[in-house]
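What Swiss-Prot records for this protein:
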type	residues	note
TOPO_DOM	1-34	topological domain 'Cytoplasmic'
TOPO_DOM	56-72	topological domain 'Periplasmic'
TOPO_DOM	94-101	topological domain 'Cytoplasmic'
TOPO_DOM	123-128	topological domain 'Periplasmic'
TOPO_DOM	150-168	topological domain 'Cytoplasmic'
TOPO_DOM	213-274	topological domain 'Cytoplasmic'
TOPO_DOM	296-310	topological domain 'Periplasmic'
TOPO_DOM	332-338	topological domain 'Cytoplasmic'
TOPO_DOM	360-363	topological domain 'Periplasmic'
TOPO_DOM	385-400	topological domain 'Cytoplasmic'
TOPO_DOM	422-426	topological domain 'Periplasmic'
TOPO_DOM	448-457	topological domain 'Cytoplasmic'
TRANSMEM	35-55	transmembrane segment
TRANSMEM	73-93	transmembrane segment
TRANSMEM	102-122	transmembrane segment
TRANSMEM	129-149	transmembrane segment
TRANSMEM	169-189	transmembrane segment
TRANSMEM	192-212	transmembrane segment
TRANSMEM	275-295	transmembrane segment
TRANSMEM	311-331	transmembrane segment
TRANSMEM	339-359	transmembrane segment
TRANSMEM	364-384	transmembrane segment
TRANSMEM	401-421	transmembrane segment
TRANSMEM	427-447	transmembrane segment
Amino acid sequence: MPKEANMASQDYATQRSSLDAQALINDAPLSRYQWLIAIVCFLIVFVDGIDTAAMGFIAPALAQDWGVDRSQLGPVMSAALGGMIIGALVSGPTADRFGRKIVLSMSMLVFGGFTLACAYSTNLDSLVIFRFLTGIGLGAAMPNATTLFSEYCPARIRSLLVTCMFCGYNLGMAIGGFISSWLIPAFGWHSLFLLGGWAPLILMLLVIFFLPESYRFLIVKGKNTKKVRQILSRIAPQKVQGVTEFHVPEEKVEAGTKKGVFGMLFSAKYVKGTVLLWVTYFMGLVMIYLLTSWLPTLMRETGASLERAAFLGGLFQFGGVLSALFIGWAMDRFNPNRIIAGFYLAAGIFAVIVGQSLSNPTLLALFILCAGIAVNGAQSSMPVLSARFYPTQCRATGVAWMSGIGRFGAVFGAWIGAVLLGNNWSFTMILSMLIIPAAAAAIAIFVKSLVAHTDAT
């Protein structure tokens with residue numbers, strides 16, 4: 001072995017042949033194996049995005065096909081969100097106890113199977129039930145894919161990589177809108193559910209056969225050193241030769257705690273950040289789900305065609321894809337809380353401008369895109385921020401509970417849209433009202449930068 005390589009190896013291994021696995025990940029160049037993990041996790045959140053947004057794109061055609069009033073669609077819009085709350089709240093502690101991979105596999109089976117069932121619904125009652133059950137799988141998949149991938153990213157570019165991975169969620173929502181603009185008129189609303197059902201079931205096979213368990217989870221739980229070595233040898237094989245033991249930094253401080261995952265979330269070290277993350281995510285999802293659920297319908301009310309309404313809804317989601325590279329890069333270099341706060345504030349401003357732009361179709365599309373860039377960029381960065389904030393022992397729970405509690409904001413956003421429409425609020429009035437949750441999210445995450453900025457890893 002060359003002298004330089006031998007000296008580098010000594011930086012990782014102690015006299016007991018114990019290797020700091022996180023230091024290995026941080027210092028090694030990205031391997032093909034890590035890119036494979038990135039692709040699989042990207043596809044998971046991509047199909048999650050398609051299925052999450054499906055109801056918003058289907059709603060106008062469904063209302064016309066079944067002859068129901070738009071105000072009757074509120075329960076259908078909110079049903080999946082209710083399931084997502086349960087899925088997120090249950091899956092986090094489950095993943096921290098049994099592993100990320102098994103939770104991901106089961107979540108894809110659940111939301112794929114019940115999305116297919118939605119395609120065969122014959123009334124609103126059955127559709128509400130199937131969308132609720134779909135939501136349980138959706139709520140479990142996204143935070144656990146984010147957690148798993150973040151644990152394979154080097155600290156120097158973690159925010160950039162995870163934000164780019166997570167933009168698959170926004171891309172899935174956008175592609176769902178673009179596809180539905182021709183798929184639904186050609187083949188009916190059932191076709192989008194069929195697409196959104198088969199895709200995760202096929203992807204589940206990739207998860208089972210190609211996605212590894214989190215090496216950090218295996219180390220902290222004291223499980224299968226041989227398996228950890230096999231995983232890390234596919235990332236930096238020269239660094240694991242002769243190593244008999246692996247560790248990660250925070251286990252020296254946190255391992256053996258009697259608090260449990262919930263005790264850690266609400267310990268003095270994490271409680272302020274936990275509450276502020278929840279408030280921020282809640283307010284962000286009020287904005288996103290009001291627009292995701294009702295923007296196509298609102299556009300139809302202003303005279304837009306079905307195809308145009310679906311296109312503009314997809315354009316809003318596509319904005320999150322465009323912002324991923326910049327916001328991830330900025331979070332790795334500056335205070336990530338303040339970067340996100342700026343994006344939320346910009347989202348509220350652009351929402352107000354969108355409400356004033358109905359008379360100019362070109363400007364309307366441009367400002368819808370800008371609003372999507374701002375709010376989806378901020379929201380897609382929140383799981384990254386949460387994963388950075390919590391240690392391995394409670395990371396899946398921390399990310400998932402932020403997602404789960406935040407989903408109450410999604411339910412509220414979808415519900416309040418139906419209420420405001422039922423009370424004859426105009427397009428302009430509804431869009432202008434969104435400055436309130438935008439400002440609240442910006443303030444909450446800015447305060448976090450002052451009182452709870454520390455990263456766990």
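The backbone N, Cα and C atoms fix where each Cβ goes, glycine too.
Because the structure is a prediction, the values reported are computed rather than measured.
Residues 123-124, 176-177, 180, 184-185, 188-189, 192-193, 292-297, 300, 306, 309-310, 313-314, 418, 421-422 of the same chain sit 6 or more residues outside the topological domain 'Periplasmic' (56-72) yet have a Cβ under 8 Å from a Cβ within it. Under DSSP, residues within the topological domain 'Periplasmic' (296-310) fall into helix, strand and coil as 11 helix, 0 strand, 4 coil. Listed stretches 35-55, 129-149, 192-212, 275-295, 401-421 were compared with the transmembrane segment (427-447); the greatest number of C-beta pairs under 8 angstroms is found for 275-295. Beyond the transmembrane segment (73-93), the same-chain residues lying 6 or more positions past its ends with a Cβ under 8 Å from any Cβ of the stretch are 51-52, 55-56, 59, 62-63, 103, 107, 110, 124, 127-129, 131-141, 143-144, 261-262, 289, 293-294, 396-401, 403-405, 407-408, 410-411, 414-415, 417-419. When each of the listed stretches 35-55, 129-149, 275-295, 311-331, 364-384 is scored by C-beta pairs under 8 angstroms to the transmembrane segment (192-212), 35-55 comes out highest. The stretches the transmembrane segment (311-331) and the transmembrane segment (401-421) are not in mutual contact, being linked by fewer than three Cβ pairs under 8 Å (pairs 6 or more apart in sequence). Highlighted: of the candidate stretches 102-122, 129-149, 169-189, 364-384, 401-421, 401-421 has the greatest count of Cβ pairs under 8 Å to the transmembrane segment (275-295). Touching of the transmembrane segment (401-421) and the transmembrane segment (35-55) is ruled out by the presence of fewer than three CB pairs under 8 A, sequence neighbours closer than 6 excluded. Under the criterion of 3 or more C-beta pairs below 8 Å, with sequence separation of 6 or more, the transmembrane segment (364-384) and the transmembrane segment (102-122) do not qualify as touching, having fewer than 3 such pairs. Shown for the topological domain 'Cytoplasmic' (94-101): DSSP residue counts in helix, strand and coil, namely 7 helix, 0 strand, 1 coil. With DSSP states grouped into helix (H, G, I), strand (E, B) and coil, the topological domain 'Cytoplasmic' (150-168) comes out at 15 helix, 0 strand, 4 coil.
Distant neighbours of the transmembrane segment (102-122): 44, 47-48, 51, 54, 87, 91, 94-95, 130-131, 133-141, 144-145, 148, 190-191, 193-194, 196-201, 203-204, 207-208, 211, 396; these residues of the same chain sit at least 6 beyond its ends, with a Cβ under 8 Å from one of its Cβ atoms. For the topological domain 'Cytoplasmic' (385-400), residue counts in helix, strand and coil come to 14 helix, 0 strand, 2 coil, using DSSP.
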